[in-house]
Amino acid sequence: AAGVGVGVERGGTGGSRAAEAAATPRAGGTGMRRALVLAVLVALLLVGHYGAYTFLTRLAAAPAEALPGGVATMLLVFGAASTIGIALAGRVRGSTLGALAVSAAVTAAALVALPFAPVHPVIGIAVVAVWAIASGALPPLAQSEILRLAGPEHRGTAGALIPVLFNLGVAVGAALASVVVGTAGVAPLGPLAAAVVGAATLGILVVRAAASARVRRPAATGPDTSRTARAQGSAVSGSGQTPRTGRG
């Protein structure tokens, strides 16, 4: 019985090590490629978000009129709500891909709801607050996951790449939004921004699905640790038995 216990313990340790290895991003080019893909997707997401944010004062002008300070107070609401989003992002541990996908999806939903902001001040303020909370969580969640995917070997490169791509997304978003507003006015800006953010969200979900599949794959194709455990247990148990003889 003691021998079987030793065998199972060894097999279980091997299995847990395999699971840990699967959950850890691969060193080398694979992890960096995934980090780069995610960084590009987040930059695309920021194109949509900052495109709409550039014209926040016009998109939320109607509900802002119900606030004491008008547009200035609305901007204060957005900033305070963004701080809440950052604080919530800081509570996420381990991989932040799932939380990033949720944050991006909520941002897209809020942008879709922007045209309904003038319906009632409470609705407009709520939409802006939800948008701010979700979008405020995006940068810290994205940065944490990009650095995690890059791994220690490429963390410096990823850290230098993040501000470049993120700022590029901000600049491109503001420029494209200016073209849209100059051509068609502010009305289509919310839905267009939501479409861009939605496309980036789908890409993030694909990255997350690929990461989940990679974690499950070693468990399906790796060695059968249970058989190894039984074999080791039998060997240890067998070595402790005394052979029988014909003597009484």
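Sequential numbering from 1, following the chain as shown.
Each Cβ is built from the backbone N, Cα and C atoms, and glycine gets one as well.
The feature transmembrane segment is assigned by TrEMBL to 35-55 (among others).
The transmembrane segment annotation in TrEMBL covers 67-90 (among others).
Same-chain neighbours of the transmembrane segment (97-116): 38, 42, 45, 48-49, 52, 59-60, 85, 89, 123-124, 127-128, 130-131, 133-135, 137-138, 141-142, 145, 187, 189-191, 193-194, 197-198, 200-201, 204-205, 207-208, 211, counting only residues six or more beyond its ends whose CB sits under 8 Å from a CB of the stretch. Under the heading transmembrane segment, TrEMBL lists 97-116 (among others).
Here TrEMBL flags 122-141 (among others) as transmembrane segment.
As annotated by TrEMBL, transmembrane segment applies to 161-186 (among others). Residues of the same chain lying 6 or more positions beyond the ends of the transmembrane segment (161-186) and with a Cβ under 8 Å from any Cβ of it are 35-36, 39-40, 42-55, 58-59, 139, 142-143, 146-147, 192-193.
Under the heading transmembrane segment, TrEMBL lists 192-211 (among others).
Here TrEMBL flags 217-248 as region 'Disordered'.
If you look up TrEMBL, you'll see 223-248 marked as compositional bias 'Polar residues'.
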* Long-range environment of the transmembrane segment (67-90) - Cβ separation under 8 angstroms, sequence gap at least 6 -> 56-57, 60-61, 96, 99, 103, 121, 125, 128-138, 140-141, 144
